[in-house]
Amino acid sequence: MDQPLLRGESARGCCSYSTLKAWLPILSWLPKYKLKWLQMDVLAGLTVGLTTVPQALAYAEVAGLPVQYGLYSAFMGGFIYTLLGTSKDVTLGPTAIMSLLCSSVVGGHPQRAVLLSLLCGLIQAVMALLRLGFLLDFISYPVIKGFTCAAAVTIGFGQVKNILGLQGVPQEFFLEVYYTFHKIPEARIGDVVLGLLCLFLLIMLVLMKASLGSDDSDASTSSSVTRKLVWTVATMRNALVVVAASLIAFSWDAYGHHVFTITGQTTKGLPPFKPPPTSDTTANGTVVPFREIVEDFGGGLAVIPFMGVLESIAIATAFASQNDYRIDANQELLAIGVTNIMGSFVSAYPVTGSFGRTAVNSQTGVCTPAGGIVTSVIVLLSLAFLMPAFYYIPKACLAAVIICAVAPMVDYQVVAKMWRIRKLDLLPFVVTFLMSFWQVQYGIMGGVAVSGALLLYNAARPQIKVSDHNVLLMELSSGLSFPAMEYLSHIIHTQALQVSPPRSVVLDCHHVSIIDYTVINELSDLLRQFKLRRVQLVFSGLRPSVLKVLLAADLDGFRHTDSVEEAMQIESRNLIDD
């Protein structure tokens, strides 16, 4: 139990400890840790670890990097997030979307990918320290869905060449589509058969897992054991399929039949702990300095940190709501930022939260973020002892794993929902979706720009309900800001001041919560126009803060009432000057 503090030390001590707990969430749950939690965390960590290893190898292919870089990127998050994370379910590591973004920015250069991780981590950590998590609110849901759908199509189709065993296919999406179909006659039968077989097995296991009901109350003991066995096999499907495919490839290769395209030579052992490189060397020996590398990153240096944080926080929020706890968005920002910074010292490329692995973590019953430590240990053991075995992993098998992982991201139902709810939301979705096939970062930027334009349009064109009660009553359906003032002024001129005879106006302002100098200036001009025409502009329902500003502005002819009804009564008694 906590020891009582002296009166003089109470506020200071409590403040300092609560601040420390805010920065190190592990202090909130570690003192209450139980043996039962340890059992569940170890089980969840092992399960997620067996999912992480094959996915990390596959996502390195998506990033255009040697497969060991996927594992280099998969273990630091477990350690850091245990200290700094606020979600018990989230697992940090390489994902399909971050791998695609990384590929588009670094073009398959490992040294640049590691440097990108450092820079992204620094940006995310600074955002956390400045409490800038609210900036993510400006990326709308249609933009996110448009990007994820396009990314899933891009990543999924990008693996078709590996299923077919094709070589020399460009990375750019449209050229990739053309050359994939153009080179179909060059497909390798062994890769095609193995890739389709892996796809079939993975899909079958996914469907088997989905067919399991959630209610086991009436099930017999033997039936319950069978269901748990099926669930376990289906959950570890990636690892099982990769191991089986590797054994098949090894068997054929041992007899001298090289019928599969395999991963090939990988770097053995753990990555060295060293500062990330600040320069790069091209194939011809030219040294590219830090400044030029950063310039080459371009807009990706803004997009990747934002998308990494957005993906992880969205996942954390979803599972926090599902499992009835709260997260701190700025603390999540810090956890991801520190993970990417520290990851760059072990040759990792940028990482974020993984929805698939987080779902496995949650379903397995993880109790605290400590499950990530077990997952990280599994990855480290794989790096230390299993790298030679990865030589025989068929690329067609990894392609099947990636395709099955990204397929659920193609959410075609969201289009129908947006059409029913608000058709205008389809515009940023379509812009993001289509532009992402050109360059993924341009797709996000384009979608954000369109969403911003729609948001500004709504602010500049508020709905104004006009009704005639001897005097014109104008009800603002939303707040009044400087972009909307010109539109309101136009409505007032056309419907009150430019008609014959001119009309008095009661302006219902109960939605107005803030007012600025531009609005004050325009209102001063309107009041002058009303005075010249011997009619009145009366304000009703003003909030005290807004009324205080208007009174301080000392507007000539300014009149106000507490309510609309009072303003209408004044008109009915002919107290408003003609």
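Placement of Cβ uses the backbone N, Cα and C atoms for every residue, glycine included.
Look at TrEMBL and you will find 42-60, 114-134, 189-208, 229-252, 297-321, 333-351, 371-391, 398-416, 436-457 tagged as transmembrane segment. Under the heading domain 'STAS', TrEMBL lists 470-578.
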Between the transmembrane segment (333-351) and the transmembrane segment (114-134), are there three or more C-beta pairs closer than 8 Å, counting only pairs 6 or more apart along the chain?
yes
Tell me, please, if the transmembrane segment (297-321) and the transmembrane segment (114-134) are in contact, taking contact as 3+ Cβ pairs under 8 Å between residues separated by 6 or more positions?
yes
Please report, as numbers and ranges, the same-chain residues at least 6 past the borders of the transmembrane segment (229-252) whose CB is under 8 Å from any CB of it.
47, 50-51, 53-55, 57, 190, 194, 198, 201-202, 205-206, 208-209, 212, 258-260, 262, 360, 363-364, 389-390, 392-394, 396-398, 400-401
Rank 114-134, 189-208, 398-416, 436-457 by Cβ pairs under 8 Å to the transmembrane segment (42-60) and hand me the top one.
398-416
Other parts of the chain folded back onto the transmembrane segment (189-208), taken as Cβ under 8 Å at six or more residues beyond its ends
162-165, 230, 233-234, 237-238, 241, 245, 248-249, 252, 259-261, 394-397, 399-401, 403-404
Per DSSP, what is the residue count of the domain 'STAS' (470-578) in each of helix, strand and coil?
51 helix, 17 strand, 41 coil
